[in-house]
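A.B. asks: Mind having a look at this structure? Questions to follow.
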Amino acid sequence: MEWSLTQNKLLAFHRLMRTDKPIGALLLLWPTLWALWVATPGVPQLWILAVFVAGVWLMRAAGCVVNDYADRKFDGHVKRTANRPLPSGAVTEKEARALFVVLVLISFLLVLTLNTMTILLSIAALALAWVYPFMKRYTHLPQVVLGAAFGWSIPMAFAAVSESVPLSCWLMFLANILWAVAYDTQYAMVDRDDDVKIGIKSTAILFGQYDKLIIGIFQIGVLALMAIIGELNGLGWGYYWSILVAGALFVYQQKLIANREREACFKAFMNNNYVGLVLFLGLAMSYWHF
């Protein structure tokens, strides 16, 4: 019986950290890899790469824990989230706080192996991860904060490699914010009706009938900024082909969200994993001269 209870608790932690749903970690991973490949260029040190990949998974898990902790009073009223570990009672509030601290401490220990500039930037990363879940109560722009949180690994990656944050770094950071607002608005479109009822704010609610148009504008902005980064860094044909493929994926997403159906909007959100992957492959091909 003791083992059964322990096993159930571990499974609840597993669900709380979303390790059963890797999409969030992947959307955080791709911009991190973009930054490491541009900063190095193309040949990141193995230890730095390992630290950032591990950090992505750990901090994404920590972000999910604090997000569910912040939303624990609301999730029970939303059909999609009612069975999450905190509202269902599978994990207590005290356990969630302890798990968050453990994940953050492990992440910080990894960062301590890097240079001072990266360590200082990591403090801002923690602040963004903590603040984001609470923003949806006070502003319709929590997706902007999410974009900053998901993109903060970009200046950290540049700092870890060269102890500098050049123009390409900040253009990539801005591109990631636009991309995050676009894909998280698609995600928020799934819960829009429930969010209106319980008073949760989002860009999906703010944009209203113009949601598809604004998502499209942001997607074009992502492609334009990534093209500028390619020009600044002298990237090759493989990279620009990847931008074209990413553009085709964005067109496909627009087709999916055309009627604002929940399942289709969620499918569009999930499709962004391929956008990140394609752009990374383009960078790899450019630097490796395939």
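From the backbone N, Cα and C atoms, a Cβ is placed for every residue, glycine too.
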A.B. asks: Given 120-140, 141-161, which one carries Swiss-Prot's transmembrane segment label?
C.D. replies: 141-161
A.B. asks: Residues sitting near the transmembrane segment (141-161): Cβ under 8 Å, six or more positions beyond its termini, same chain?
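C.D. replies: Contacts of the transmembrane segment (141-161) (Cβ under 8 Å, skipping residues fewer than 6 from its ends): 27-28, 31-32, 34-36, 39-40, 44-45, 48, 51-52, 55-56, 63, 114-115, 117-118, 121-122, 124-125, 128-129, 131-132, 135, 169-170, 172-173, 176-181, 184-185, 188, 201-203, 206.
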A.B. asks: Sequence-remote contacts (6 or more beyond its ends) of the transmembrane segment (268-288), Cβ cut-off under 8 Å?
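C.D. replies: Same-chain residues near the transmembrane segment (268-288) but 6 or more away: 23, 26-27, 29-31, 33-34, 37-38, 41-43, 179, 182-184, 186-187, 190, 226, 230, 235-243, 245-246, 249-250, 252-253, 256-257.
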A.B. asks: For the transmembrane segment (163-183), which partner among 23-43, 46-66, 99-119, 234-254 gives the most CB pairs under 8 Å?
C.D. replies: 23-43
